[in-house]
Amino acid sequence: MAKSLRSKWSRARRRDKRKKYAKKELVKLQGIVKNRDLREQALQNINAVVNKIKNEPGSEPGNSQIDSNPELTSEYDPKTLKNKDGNFPPWLNRRALKKRGIKFKSGKKKIKVNYTLQ
């Protein structure tokens, strides 16, 4: 099968396209490998620093410099995701915001009593 002129022409064009894009793909893959190596080196440096901090005398869990850094603590409440001014974080999309609003409003419903005591 696939011996017609049309299929031969199509196969030839696909072969040409593979040759054309092979160069770009090779450059992209080499860049990925290079970035991976850089990331691995950075992670090794970070792990070395963390291990150094953990192995210091007098260091206890929860009492390290990393935990006491005020820059790493979030200013948003973990339950409501609001900050002290009542604003949501910029990375929270509208759909999630609406879903959270419905979730919190549903717990605050008041039951209306329709009968009177005599």
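Here the Cβ of each residue, glycine as well, is placed from N, Cα and C on the backbone.
Annotation source TrEMBL lists region 'Disordered' at 1-22 (among others).
Annotation source TrEMBL lists region 'Disordered' at 53-92 (among others).
What TrEMBL records for 61-72 is compositional bias 'Polar residues'.
Residues or ranges marked as compositional bias 'Basic and acidic residues' by TrEMBL: 76-85. Residues in the compositional bias 'Basic and acidic residues' (76-85) partition by DSSP class (helix H, G, I; strand E, B; coil) as 0 helix, 0 strand, 10 coil.
Secondary structure counts, DSSP: the region 'Disordered' (1-22) has 18 helix, 0 strand, 4 coil.
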